[in-house]
Amino acid sequence: MRSSWQFGDVYGLEPELLSLVPRPVCALLLLFPVTEKYEAFKQEEEEKLKAQGQEISPDAYFMKQTIGNACGTIGLIHAVANNQAHLEFEPDSSLKKFIEQTSKMTPEEKAVFLEKDETIRVTHESSAQEGQTEAPSLDEKVNLHFVAFVNIGGQLYELDGRKPFPIIHKKTSEDTFLEDAVDVCKIFMARDPQEVHFTIIALSKNSD
């Protein structure tokens, strides 16, 4: 991708710290611990939403996660694929090609396609090794997980490849998206108040 939009850390959830985040923000990634409390909530949420239904936008790009420890890559794909109107790609972008090839597929078909996509896998592995912490292997047990939050048609969506479908949380707008998504992140944190392993990353317009 071109650097007109960039990912950056959100240092805190207080208004003065959120004011440091460049605007506009088009996606938020939340890294959080998968605990017994969260798993119980996830099951309840799934049953409730299956019973009451949701009107998912046909424009929502959603894929399942079938590769171990790839939630960060899938979170990035969700963030980018649902913001193509904002973002600019390099001409030979393997990510853009992947999104175009999979856009009409089911969430399950996208997951299978990703398993076989060498360019994304190689990019994922090389990026992971460039980080400041040692990357886990694909089958190593890790209890931290990434989800993406995006604005699709004025609704705040949570996209998590471990869930069977997207979750619509509430109405949002380009101006209020960061605060609206942070409100949902606060609920994740309140569910496990003893946990400290939460990280939030924003995809923002580059102010340079």
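Any Cβ shown, glycine's included, is placed from N, Cα and C.
Database features, via TrEMBL:
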- Cys71: active site, nucleophile (ACT_SITE)
- His145: active site, proton donor (ACT_SITE)
- 1-205: domain 'UCH catalytic' (DOMAIN)
- Gln65: site 'Transition state stabilizer' (SITE)
- Asp160: site 'Important for enzyme activity' (SITE)
Between the residue listed as 'active site, nucleophile' and Gln65 (site 'Transition state stabilizer'): CA-CA distance (Å): 7
Euclidean distance between Cα atoms of the residue listed as 'active site, proton donor' and Cys71 (active site, nucleophile), Å: 6
CB contacts for Cys71 (active site, nucleophile) [other CB atoms within 10 A, all chains]: 22
Under 8 Å by Cβ from Asp160 (site 'Important for enzyme activity'), same chain, sequence gap 6 or more: His145, Val147, Ala148, Ile167
Across the domain 'UCH catalytic' (1-205), average pLDDT on the 0 to 100 scale: 90
